[in-house]
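Have a look at the structure below, then the notes.
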Amino acid sequence: MEKGARHRHNTDKNHAGGSESEDFPEASSGGGGVALKKEIGLVSACGIIVGNIIGSGIFVSPKGVLENAGSVGLAVIVWIVTGLITAVGALCYAELGVTIPKSGGDYSYVKDIFGGLAGFLRLWIAVLVIYPTNQAVIALTFSNYVLQPLFPTCFPPDSGLRLLAAICLLLLTWVNCSSVRWATRVQDIFTAGKLLALALIIIMGVVQICKGEYFWLEPKNAFDNFQEPDIGLIALAFLQGSFAYGGWNFLNYVTEELVDPYKNLPRAIFISIPLVTFVYVFANVAYITAMSPQELLASNAVAVTFGEKLLGVMAWIMPISVALSTFGGVNGSLFTSSRLFFAGAREGHLPSVLAMIHVKRCTPIPALLFTCLSTLLMLVTSDMYTLINYVGFINYLFYGVTVAGQIVLRWKKPDIPRPIKINLLFPIIYLLFWAFLLIFSLWSEPVVCGIGLAIMLTGVPVYFLGVYWQHKPKCFNDFIELLTLVSQKMCVVVYPEVDGGSGTEGTREDMEEQQQPICQPSPGKDKDSLEQSQP
């Protein structure tokens, strides 16, 4: 571990650029060095997007939109419109993904465009709450649908649910640590499984329509309100619809592991988002052919109720489909979130050991173990659902900040290479819709949003003490270096090399925070470079 294995914490050089790609450029599969391998093709890329968007919600409780829309027709319109807005946001992320081709997604874009503090706050809220709680909830949903048939007359024991959820997390963490190819194969298989289950639901809906069972789809009935119309509730329906499409940006977290990202990133987005929109709209239409709006709203597991009504002895397919869907969802979330933490550590925003990969498997084992451990900790707390409510607003806030960064980058750096360059009307449309939902969220739940902001702002002192403050006591640096070395030996990991060439070229010598955002002018650098440096 002599070459590039150890990190020098006590340095005199103070960087001030938007990124560190000169020290840590895109990982490559070429050469013989240790580097992240480009093993994610177009099919696997689509599997990551579709698998992360489609979790258990469309099977279990797609009723949030209908409940707030007030009519079947308006609910279908909400699903279509939110799908279109999601596609617009994905187009914006596609341009950013090929303009700043780094893993880390919106964290990397916000950091490079607006500076280190903004990027750190995005990372902080993701590390602290968003990913651990979401993964814990998905794993608990998986265990609930696996154990429920064993307890037909009562609820499964809570300890059993949490134990099976922990086993699920540990198993998938092992798969992800072992091989990127294994992880993507698991994602492909389980994404295909959930799409087949949804295709069955849609086909059954078509059969119902052919039988004349479309009372609630007739125009006069579709827009028959079962509650008083309210603009606030309609806005809430759009907010629920937007949350249902969450995960559309996850492929941007693994850009460096994509085969030919300049082509496959936008292609995967263009294929996946319309596919998910189609599935969401027609699955909800299918549900309405078998259930009245009141029955749908009263059901705790819509797909299971649908199966009981139409599939007869084959109704067991639906709970199994939910379990398979959530299992794949946990895998996709582990895969992408670990790359976010890897990217954060590479920029000096998290402990440096998280930026290392296994010397043979080329997987970010420390980042995966960190992700798994934080999720296991969430499994033993009873407040994770409350935390999700608090930070959901913050997560949505950063979507808009990232898209706004696209406009800022167009203005400040108009000449940098952009393999994809969309019309600025698209980010403007997305930001208008985003602002509408954001303002409504603040108006309807000011306390929840305020607590979410407070949780995010706890990252400010952490940033200045842990990242911005460079000249820490030598005893502290020595202790951290010792922990890093021990972790390296336990996990058999090193920093990735530049091109798999000489070890000296890939050595990660400095991981200090960079203060100057990408959009700040720097006349000494070439206009096509995204990095800014200050001696």
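Keep in mind that glycine also has a Cβ here, set from the backbone N, Cα and C atoms.
Different topological domain names are assigned in Swiss-Prot to Pro293 and Gln470, which places them on opposite sides of the membrane. Just going by CB pairs under 8 A, the stretch in 74-95, 117-149, 158-178, 182-210, 313-338 that sits most against the transmembrane segment (45-65) is 313-338. Sequence-distant neighbours of Asn395 (L-tryptophan binding site): residues of the same chain at least 6 apart with a C-beta under 8 Å from its C-beta are Ile125, Ala126, Ile130, Gly246. Residues 65-66, 105-106, 222-223, 234, 237-238, 241-242, 244-245, 248-249, 252, 265-266, 269, 273-274, 276-277, 280-281, 284-285, 399, 402-403, 406, 418, 420-422, 426-427, 429-430, 433 of the same chain, all 6+ positions outside the transmembrane segment (74-95), place their C-beta atoms under 8 angstroms from a C-beta of that stretch. Between the transmembrane segment (365-382) and the transmembrane segment (158-178) there are 3 or more Cβ pairs closer than 8 Å, counting only residues 6 or more apart in sequence, so the two stretches are in contact.
A straight line from the CA of Ile53 (L-leucine binding site) to the CA of Asn134 (L-tryptophan binding site) spans 12 Å. Note: the stretches the transmembrane segment (266-287) and the transmembrane segment (182-210) are in contact (3+ CB pairs below 8 A, sequence gap of 6 or more). The Cβ of Asn134 (L-tryptophan binding site) lies under 8 Å from the Cβ of Ser333, Ile388, each of which sits 6+ residues away along the same chain.
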